[in-house]
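> Before I ask anything, let me first share the structure, which is written out below as structure tokens.
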Amino acid sequence: MSTVLAARHLNKYFYDPERFRVLSDITFEVQAGEFVAIVGKSGCGKSTLLYLLSTMDTDYEGQIELAGTLLTGRSQDYLAHFRNEHLGFVFQFHFLLPEFSALQNVMLPALKLGKYSADEIEARAMAKLSMIGMADYALKPASKLSGGQQQRVAIARALINDPTLIMGDEPTGNLDKANTDNVFSIFRELASGGQTIIAVTHDPDFAAGTDRVIEMSDGLIVP
Amino acid sequence: MNLRIASQIARTHLLAKKRQTLVAMLGVTFGIAMFITMISFMQGVNQFLEDSALDASPHVRMYNEVNTQRPSLIDALRPGGFNVTYHQKPKNELARIKNGLTIADRIEREPNVLGVSPQVATQAFYNNGPIQLSGTISGVNIERENRLYNLEKRLKSGSVNALRSNPDGLIMGTTLAGKLNVATGDKVTITTPTGSTRVLRVVGTFGFGIGTIDNTKSYANLPTVQELLGKDPSYITDIHLKMSDPLLAIPFGKVLQAQYGYHTEDWATANTAILAGEKIRNMLTYVVSITLLVVAGFGIYNIMNMTVMNKIKDIAILKATGFEGHDIVAIFLLQAVFIGFSGGLLGLGIGFGLSYLLSITPFDAGGFISIKTFPVIFEPKYYVNGLLFGVITTVLAGYFPARKASHIDPVAILRG
């Protein structure tokens, strides 16, 4: 098994209103194919950690290596391109572009990557949508979908570029029981297909269904 | 950078919020439309005032300046002595330009000279029954004079040809004719300062739209006036000339003065007050245009800023899913270009429409000024400038907020 993600001695501070250490000396690795849940109480720094790993927050000490590439100290544009190619995101509040149809939302990151032609991308996006059972809603504007439906489209969007790693920030945090089960089963299915997934969650049922649970408390990993 | 996808996103943004797009476009439209209307009208007024003043005056006028001041004989003999001369008799000096006709022909052959009109100008009294009015009368070769001042167009009645065929004809300023209560076909008695009298027939009336001319001046044939003054057929007092470019006339006048020894006066010296007024109006036009453009520019900036800020969450999402800073800038710049260009074009259309409406609005300026509607000029330059300004301002107004937005940290937005 190869290492997909390696975090070494991560430290992160907040400066407002005063200097405060959010993460202290976080070190861990994630292997390819693992389904990892990061759990912990509110304010323990788990979301902060995920944002560091996602490369979107670059203000930290330590080193992050993803898919064999050292990402610490890279330019914003390099990181954007890296995210596009290697990372898929599922946020708590889905964050689809409201003016675009479900299909377009899924297609956009792939169009940006430009690895396939527009027709191929559309076919691939439709395949991802049917995989999560959203094919019938492909042409509806994202703003007209229900919360659960939007979250499923967001998962399809995260999958479109066949990312090395999928990151979820409370992916079920805003969903009811039925939708939570639905979304979780999609994740579970992806994981069994060999997809590496890291999800921050405070849902014990969700965490229990994963391969490995990293528990955090006060900016430290609980051993 | 992938422009196709940026343009696709830009198009979707524009189409999704049609009303907002329209409002942004109209912001540009009104600014440009007002600018076009304003500058077309103001420049039209400037042009009209300049034309009406300069059309009626020659680019260069050559004349013999009668100056009876001369040193007394004793001063000439004993310069520097304590000489007192009382009541020196003025020298009899004629206003004639010697060899005037020859000079006129030679000047006419110079490059850039459009036309030369040698003439005899004199004071005169116009008598019609008991009414007596003073004015001036110019003896001209009417064809040459017509070439200079486009008299045919300025005639209110009669014709230029009638003067040519009638040695006793007279073309009179329209206001002067009105005061004398004469019309084309009537007779007027002319008395010159030298005392000679002659009855001439009015064969036409003209109006330059300038009170001092329409109120006092008449044209007669050159031999008629020479005869009236009791002079020979070579007697010329003034040479008027027009050039292809009025600006050339200023140095050319000085050259002529040096060459022939007669006093010359160019249009700029003769119309100093009008030119000063023109400068002030030009300044005013610039101030008003710049004010309009600055106000419009700020309006556009506000709208573009709002457009970008409304999309801040989308920008964060796009960045999170791998779009780079310059993609974000491209998306909003494309929107700005579209808004600026279409709004600008619409503005040009509305500006043109308003200018056109203004140019056909009847304007009663009284009898003096020869216009029936507001003067407006349609200069393609202003339209090009207006559109350029609209597009450039909008692009700049879109670029700065977009660049700022492209630097934001997506985490800060997505965390909420």
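Each Cβ is built from the backbone N, Cα and C atoms, and glycine gets one as well.
TrEMBL lists B:21-244 with the feature domain 'MacB-like periplasmic core'. Residues annotated as transmembrane segment in TrEMBL: B:21-42, B:283-303, B:328-358, B:382-400. The domain 'ABC3 transporter permease C-terminal' feature in TrEMBL is assigned to B:287-410.
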> With the transmembrane segment (B:21-42) as the reference, which stretch in B:283-303, B:328-358, B:382-400 has the largest tally of C-beta pairs below 8 Å?
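Top-ranked stretch among B:283-303, B:328-358, B:382-400: B:328-358.
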> Can you work out which residues elsewhere in the same chain, 6+ from the ends of the transmembrane segment (B:283-303), have a Cβ less than 8 Å from its Cβ atoms?
23-24, 27-28, 30-32, 34-35, 38-39, 42-43, 46, 339-340, 389-390, 393-394, 396-397, 400
> For the domain 'ABC3 transporter permease C-terminal' (B:287-410), what does DSSP give as the number of helix, strand and coil residues?
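Breakdown, helix to coil: 97 helix, 2 strand, 25 coil.
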